[in-house]
């Protein structure tokens, strides 16, 4: 369960790959890791998270049916779906994001999944989620977004088959809107409709009907879902708002239908809803902007932009900001641990590693086969094969190539977490011992045990290590030992990509290939939004002094509107590497904003602020969002 440890920080592309491109860019399943095995385990994990009536072909044998009366008190059938993590609550927002990312993985790398014998299992995992969403959407303007609540759930430690906690259902409707929840669910059903189009066309059409209704509902009745379903706020609060989900849903509906009204929505609302303004290096269940930007870039590179090329170009610039920041070639970069893992936060950091790895993989693949070539970053070009090599390093870190030698995928390798923070896995299976485990008995008899869990949560990707690569395998260390569905979902596509045989390409040939430059066949563009010409940032040292044998530097920063005849509004700045105090800006959700008395910068006007740094190296300052009016 996220407990506000999810995606709140500053913050794919389709097309199955041609074999020639796969040979050129591919990795070998044989560089020390069995990616096909990791893929099988990662998909299997979703069966351990199932709620509802389990089918005869259930492969995780220690689980049994649960939540069989969900929704009954509300007069609706809400049996089914997924538990989000190590608890027994069904949270709609992360569940929908999970299904969206599983679907996207299949759409990009379904052939590779089929080659590994896992495509059917992956599709079954998607359908388990979409079957539930159909139930949760009984009317066009009603969507049930949660069953159970985190507060009562956390007071008990029980198997899902035994749970006695509240199963109250919570919904959004016109009087209690939830645009982010409804739009993410619309995105999930639109993406899934493409997955099932060739095998279950009737089901695919039904998903599209629900998706269109949910998008219309989300757009018409605007509001954050956690203002309506307040019990979700402390666990999956909507910190990024609903603008990213509205754009995300529109992009997926365009992909699913080719209805250009959705593309017009995406292009026409890019500024108002943040898609063309925000440059963010974090992607997850809350912040969807990088995913939207990569999808929009795909439409542009495929020649599907039509009259909206200029708007989609701005999306693409932000997508490349994300790529450059992740691979370490941006104006500001994602931090890395000493062992090389991308690092955002202590609580469930690996969710961001897997989601970023997926976006990087699809962007690199599509850039290569479309002729786009290298991504031009502030610190140098990022070739597609360099991006993929970096992705491989992140996946290998998860699978055990890290300073601890620990695999953070349960059941993979010889050394992996044994005390996963998970109710069902940590208590003896009900099939082995059907004796009822009460709310507090679970805590007294099972939660505090020093032994490993009696049931293997095979394939689960846990939260992972901290910024120093340290990890404590303890059940009560939920920040590091709890797994979540949205950790695994993006990883499916990446593992399928890595598991591909790639024509027998050897590692030494791959290394030789990385030294060969790729010709860029298209015009280059900055990875940053159009701030290089519209907004200028200049830093200067204006004073120094010594205190207690340390030298302090006073920096003056000038931010200037360089546009021609346009006023800059809603300016947001990102700041990293700051070791002292800052004056002249106000803190905001994703960085800093100008003081309230300066709501706009007219052409040629400047904003000035200062900070003190106990080192000669300046802080990194960049523009994360703005509007030109």
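Quick reminder: no glycine exception, Cβ is built from N, Cα and C everywhere.
As annotated by Swiss-Prot, signal peptide applies to 1-30.
According to Swiss-Prot, the feature active site, nucleophile maps to 87.
Over all protein chains present, the Cβ of residue 421 (active site) has 26 other Cβ atoms lying within 10 Å. According to Swiss-Prot, the active site annotation covers 421 (among others).
Within the same chain, the residues at least 6 positions away from residue 473 (active site) whose Cβ sits under 8 Å from its Cβ are 417, 418, 419, 481, listed in sequence order. Under DSSP, residue 473 (active site) is assigned to coil, being neither helix nor strand in the three-state scheme. Sequence annotations record features per position, and here Swiss-Prot assigns active site to 473 (among others) based on sequence analysis.
Secondary structure at residue 482 (active site), taken from DSSP and collapsed to helix, strand or coil, is coil. Other Cβ atoms within 10 Å of the Cβ of residue 482 (active site), summed over all protein chains shown, number 26. Marked as active site by Swiss-Prot: 482 (among others).
Sequence annotations record features per position, and here Swiss-Prot assigns N-linked glycosylation site to 520 (among others).
Secondary structure from DSSP puts residue 540 (N-linked glycosylation site) in a beta strand. Per Swiss-Prot, N-linked glycosylation site is recorded for 540 (among others).
The Cβ of residue 561 (N-linked glycosylation site) lies under 8 Å from the Cβ of 534, 535, 567, 568, 601, 602, 603, 604, 605, 606, each of these being in the same chain and 6 or more residues away along the sequence. Look at Swiss-Prot and you will find 561 (among others) tagged as N-linked glycosylation site, backed by sequence analysis.
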Identify which of the recorded positions 87, 540 has its Cβ surrounded by the largest number of other Cβ atoms within 10 Å, counting every protein chain shown.
87
On a C-alpha basis, identify the one among 87, 482, 540 that is nearest to residue 421 (active site); the candidates are the recorded positions.
482
